[in-house]
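Scroll down for the structure; my scribbles are underneath it.
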Amino acid sequence: MVIVLLTGSRNYVIYNRLLFTLLNKCAYCALFTLSHQEAMAMSCLGPSSLLAVKLEKEKHLMNFPWFSENLKVKTPSGDCFEFPCYRWLVDDKEVIIREGTGTYRLTLLIIQFLMKWKEWSPGFPMSIDAKVNELPKDVQFDGNKQSEWDWDFKKHLVPFSTKTIYPNTIVLRNEHFFIPVKPLTFDSSFPFEICTDNVMQDWNKDYMFGYQFLNGCNPVMIRKCMKLPDKFPVTHEMVKGCLKKGSTLQEQLWAGNIYIVDYEILNGVPAASSERHLTAPICLLYKNELDQIVPIAIQLSQTPGEMSPIFLPRDNKYDWMLAKMWVRSSDFLVHQLVTHLLKTHLLSEVFEMAMYRQLSAVHPVYKLLMPHVRFTIAINAKAREKLISKDGIFSQVSSINGAGMGKLIQNAMKTLTYESLCFPEDIKARGMEDVPKYYYRDDGKMVWKAIHCFVSAVIKTYYRSDKAVQKDVEIQEFVKDVACFDFPKSLSSREQLVEYLTAVIFTASAQHAAVNFGQFDWYGWIPNSPSTMRKPPPQQKGQVDLKYIMESLPDRECSSKVLGTVWSLTRTQENELYLGTYPDMYFTEQPVKEAIKTFRHKLDEVTNIIKSRNEKLTLGYCYLSPDKIPNSVAI
């Protein structure tokens, strides 16, 4: 039994009951018509007096949860009040919702869930104080998502082993089937063109090494270098053979053709064990006359000296190969724990928690953000249990254990800024506005602009002035709840609110897609990005051979777990909701509905532009194609 209470503007309550059979577990839309007496009672309060509805579900022996998608109340005079809900009624708990045309002036009636902050591990951002089995119903996986997660974890993350890892073919095997990685054969649910074949062929070439800093899994580390740091004493004599004939290193620095990737964030992070090693390398790159970004110098520590030589392309081929492997291994660690985990998963959870805690369900920003936090708390809770726990998969396959994760996250938190989440600002801060073939930048700018225009249209529908933003208590409390980082503690204009919400949505959708869904493409060939190194970095040149390299790479068991993990993490749900897709219509206002249509049209245009460009490329970049960007962090 579900009890409906209709509340008028003078706290006048009309009481009625809606009966549902025990088998009716999910009611998508309830149309509730007022009786003549009830309508007469409401009429004395005015035509727009119906402000809120409270739904109460009574607890019985057969106690099914009840999902309310939408509630419409129609009066005999023809007035219709619509209450978007999209929430579960569990046990005997109540849900209070306001009418769907409410504006920014609404105050918070009730926080639907008692969601407390908790520091899961020292150094980590605050997250929900609940384990997987304690999560509120509304943030849990739905049945389909849960089934797919259970299947992937059981069949891909746990039992995989490899028939062979090196040198030419990888075969993933479990008790039921084989998946040959070369040639590649995947079912239709895998949404991206696989480039592992290109990686396997060219992984050791300098151009492919450099290309990954632009368009690989971690395209946010590279930055323009105008002056070499003292800790990286590269000289012209060292690299003159790599530069344009007749030019000097200083001239190339001034010309803006030199780039640097510095893994200082790994400095001081303890290695997992004496058999799994870790370092903090620095890599110098050069934009050559073919517009390729290629490495020209690598130092495998933050401290120069005799025991930390600078490796060069002219060195012994195995010295140079291993130096690049060390950089790629370090990049794997920073990508997984900082770029991916911290800056998309954990930050999106912070935004979701603040949304639930501070915004009423009818608040326009709540409605705007809701599709972009779908399953985020749930997937993070599962990650804390299975992937990044003390004995989780990441500790099993990488050079970093639980203590090291905490240290690395602490290092990353010191450098985390709000500006780094604003895509155009981040590109500008790294000096990457004009580097050629940076498709992550090109596509990201188009997606950011489309999201920004959409958010702007929504915000201007509800906020008529900057003062309206300043006076919105819910928005200010929402921003304040997030401001545990070096983020804004208040917003004073519509423009600031638009940028803030654009950053939230972009982070949860596009940025996560860019750094997540290429993992099997780039990590599926283990030598390209080793998850750990079993031998310490070389301290002298000329002492490395192929045997030493093979003994440095992850062993077969570790490699198989990496392959199973990155395969699973690059899968999307069968009924995935992609950017611009909003089947749950939280908004009832026509201007916002039109804004959604315009948003979809712009995203279609971006998709077509990317598709046309990729047709001309040997190695296409599709991770930021809007038709392949899920709405939220859900895997």
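Backbone N, Cα and C atoms are what each Cβ position is placed from, and that goes for glycine too.
Automatic prediction, not curation, is the source of TrEMBL annotations.
Small disclaimer: the values here were computed from a predicted structure and weren't measured.
Residues annotated as Fe cation binding site in TrEMBL: His340, His345, His512, Ile635. Long-range Cβ proximity for His345 (Fe cation binding site), meaning a same-chain Cβ under 8 A and a gap of 6 or more residues, is found for Thr376, Ile379, Asn380, Ala383, His512, Val633.
Positions annotated as domain 'Lipoxygenase' by TrEMBL: 87-635.
Here TrEMBL flags Trp88 as site 'Essential for stabilizing binding to COTL1'.
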Using a 10 Å cut-off on CB atoms, tell me which of the binding-site residues His340, His512 is the least crowded. His340
Per-residue pLDDT averaged over the domain 'Lipoxygenase' (87-635), given as an integer: 88
List the residues in the vicinity of the Fe cation site, defined as same-chain residues other than His340, His345, His512, Ile635 with C-beta within 8 angstroms of the site's C-beta centre. Leu341, Thr344, Ile379, Val515, Asn516, Leu569, Val633
